[in-house]
Structures are given as C-alpha cells and as structure tokens.
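Features as listed in TrEMBL:
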TRANSMEM  6-24  transmembrane segment
TRANSMEM  44-63  transmembrane segment
TRANSMEM  69-90  transmembrane segment
TRANSMEM  102-122  transmembrane segment
TRANSMEM  134-155  transmembrane segment
TRANSMEM  167-184  transmembrane segment
TRANSMEM  190-214  transmembrane segment
Amino acid sequence: MLTSSPFAIILSIIGNIVSTGTAFSPIKNFLEIDRNRDVGNNNIYPIIALCGNSLCWVVYGAVIKSMSILPVNVIGLFVTSYFIIVFISATSDIIKRRFITAIYFGYLVGLTIYHIMIVLYVESIETQSTIFGYTSIVAVLIFYASPVLSLYGVFKSMDRSSINLPLSLVSCFAGLTWTLYGIVVDNKFIFLPNAVGASLSAISLVAYFLVGYFNTLYKIKSNQTNDGASQDVALIINQEEQQEISLNKDDDDYEEEIKI
C-alpha cells in the first residue's frame, strides 16, 4: 500500500472530512424531529445502515492499524446512534417504535458478537483483516443500497421526501473520494464497495431530481388547465351578460312601441 504517498494522504484527509460530513448531513432533519417530536416521512433505515457500517470500519481500521479509517468511523458510530435514539423516542406509533428498536439493536448486537467471535477464534491477524474487510464491504453496500430499495415507493407515490438529499449528495462524494483512495493504496476492500456505493448514491440523486422535475411539470400543466378553465368560465359569463343586455334592450324597445 502506498499510504505514505502525498496523494494518498491528501485523499485520506478529504475522505475523512467528507465522511464526517456524511454522518452530520442529516442533522437538520433530526434536530427538527427532536424539537417537533414528529418523525414525518423521514427514512431511518439508511442511518441504521450507516451506524452498522461505521462499526465494521472501526473494527477493520483497528485490525489493520489504519488511522485514516478509524477517526471518521468512530465519529459516525456515535453521531448516527444519537440520530437513531432521537428518531425512536419521537416515534408515536408504538409498533413502529418497537420494530425500529429491534432492527437497530439486533443489527449492532449481531455485528458486535460476530466481530468478537472472529477476534477470539481466528489467530492470524492477516486472516482477521481479510474477514473484516469483506464484512466491511457488505456493510457499506447495505448502507448505500438502503435508500435505493425505497425508490419504487418514491416513484409510485411521486413523493421524494423519504430521500435525504444532503445525505445522498455527501455519500456520493464520499464514495468517489474513497474509491480514488482505494485505487491509490491498492486496497480492494476500500475501492470496490465505495465505487459501487457512489453509483448507488448517484441513482438516488437521479431519482430525487427526476421526481422533482415530474412534479413541477405536473403543477405547470395543472395551472395551465386551471387557467384555461377560468378563461372559459369568464367567456361564458361574458356571453351571458351580453345576452342579458340584449334582452333588456329588446324589452325597452318593446315598451316604447306600446307607449306610442
């Protein structure tokens, strides 16, 4: 690995900054949730996936002793946990609250037990790093794929509110940055999942802007239809007024003839 090369160091710094931004990007939504005690249409599952992803990369970074991976993922682990706790506490539907709680704790506890078992029963550090590397690939793909799985519902309802735009934008940029870093340091565990992840984030962004475009187009057509209908109504009213004026004029002429 060429981790000491200047380009790799620069990419590592940029990647850590952008990835920290990924963790903090939904903060506005969750502060509003905490203040209003209403989760609205916000999708919590990408945040749960990001939390599990951060945990996997913390373990992988610790095993391979990479300080370019550890800090950002430790931050991500704590920040996303805070977001999830806020979301769960603000969920009024008790069934939904229990379901999300079960997924969150089940996912993290399962990952924790899995990593502990590998550390205890696999002696070779090299083998551990390989296993944890593949685990991190799966975790990061789950994170990047989680918003994409809801796209069918987005297009069906033409409601894009479940797509977190800041999270998708920052995730796409972070994926591209870590893809370049993985290429430079020749690490397939960093390169492959982030290349796929950047593509999946790009798909979410395309869906977000497409739905927005179609909704805008529909509103324009609706306004044009309403304007046309208003013009037709105005024309009909105008014609009726002209007919009334004509009838009144005829009545006046008739009355004058009778007087004569």
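Glycine too: its Cβ is placed from the backbone N, Cα and C atoms.
Nobody curates TrEMBL annotations by hand; they come from automatic prediction.
For the transmembrane segment (44-63), same-chain residues at least 6 beyond its ends with a Cβ under 8 Å from one of its own Cβ atoms are 22-23, 26, 69-70, 73-74, 76-77, 80-81, 83-84, 87, 100, 103-104, 107-108, 111-112, 115, 125, 128-129, 132-133, 135-136, 139-140, 142-143, 146-147, 150, 164, 167, 189. Through the fold, the transmembrane segment (190-214) approaches residues 136-137, 140-141, 143-145, 147-148, 151, 154-155, 158-160, 163, 165, 168-169, 171-172, 174-176, 178-179, 181-183 of its own chain, all at least 6 residues removed from its boundaries and within a Cβ separation under 8 Å.
For the transmembrane segment (167-184), the partner stretch with the most Cβ pairs below 8 Å, chosen from 6-24, 69-90, 134-155, is 6-24. Panel annotation: around the transmembrane segment (102-122), residues 45, 48, 51-52, 55-56, 59, 84, 88, 128, 131-132, 135, 139 of the same chain, lying at least six beyond its termini, place a Cβ under 8 Å from a Cβ of the stretch. Remote same-chain residues near the transmembrane segment (134-155) are listed as 43, 45-46, 48-50, 52-53, 55-57, 59-60, 111, 114-115, 162-164, 167-168, 171, 175, 189, 192-194, 196-198, 200-201, 203-204, 207, 211 (criterion: CB distance under 8 Å, separation of at least six residues from the stretch ends).
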